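Novice: Once you've had a glance at the structure underneath, I'll fire off some questions.
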């Protein structure tokens, strides 16, 4: 598809219904109104993906402070089936990875993936994510209900925390 354009755009109150519709089609789970209200607050951590000006996918993340770490949680990252394998998911994930890299304070990025979603697991593994645990009955009303937790550890940029050693002079 030479000449096709993939662009990321902001999620706004004017296009939140597009995001809602995409998520209904892409994911086997439904998201409540609080999810969409929160998405409007995260700025660059939520993006719609456009293929030749058509909204075909989205990524939605949040900052999560847990386990004494600053973590980025990918709540959703998905693309309509006819537009998969065109680099759209890669563009969305790279956007998120770049935010974490520029910020420099994230310990890791993580997400949940249904255990049967092999293509998603393979996709994230290409970017250095690893399965760190499996949660039984994570999903309600879908089968299989179990989810893998995939995580990518982020290194602290060199130079940061380098001069922390105390010396007694």
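Glycine residues also receive a Cβ, built from the backbone N, Cα and C atoms like all the rest.
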Novice: According to Swiss-Prot, one residue in 37, 91, 152 is annotated as N6-acetyllysine; name it.
Specialist: 37
Novice: Given the candidates 34, 102, 135, specify the residue that Swiss-Prot annotates with N6-acetyllysine.
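Specialist: Of the listed residues, Swiss-Prot records N6-acetyllysine for 34.
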Novice: Of the residues 31, 110, 124, which is given the phosphotyrosine tag by Swiss-Prot?
Specialist: 110
Novice: Looking at 70, 140, 155, which is the one Swiss-Prot tags with N6-acetyllysine?
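Specialist: Cross-referencing 70, 140, 155 with Swiss-Prot, N6-acetyllysine lands on 140.
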Novice: Using DSSP reduced to three states, classify residue 37 (N6-acetyllysine) as helix, strand or coil.
Specialist: helix
Novice: Using only C-alpha positions, which one of 73, 110, 119, 125, 140 is spatially nearest residue 37 (N6-acetyllysine)? These are the recorded positions in the record.
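Specialist: Nearest listed residue in space: 73.
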Novice: Tell me, how many other CB atoms lie within 10 A of the CB of residue 140 (substrate binding site), whichever protein chain they belong to?
Specialist: 7
Novice: Please report the distance from the Cα of residue 112 (active site) to the Cα of residue 138 (substrate binding site), rounded to the nearest angstrom.
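Specialist: Given the Cα positions, residue 112 (active site) is 9 Å from residue 138 (substrate binding site).
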Novice: Taking Cα atoms as reference points, which of the recorded positions 34, 110, 117, 123 is nearest to residue 141 (substrate binding site)?
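Specialist: Its closest listed neighbour, by Cα, is 117.
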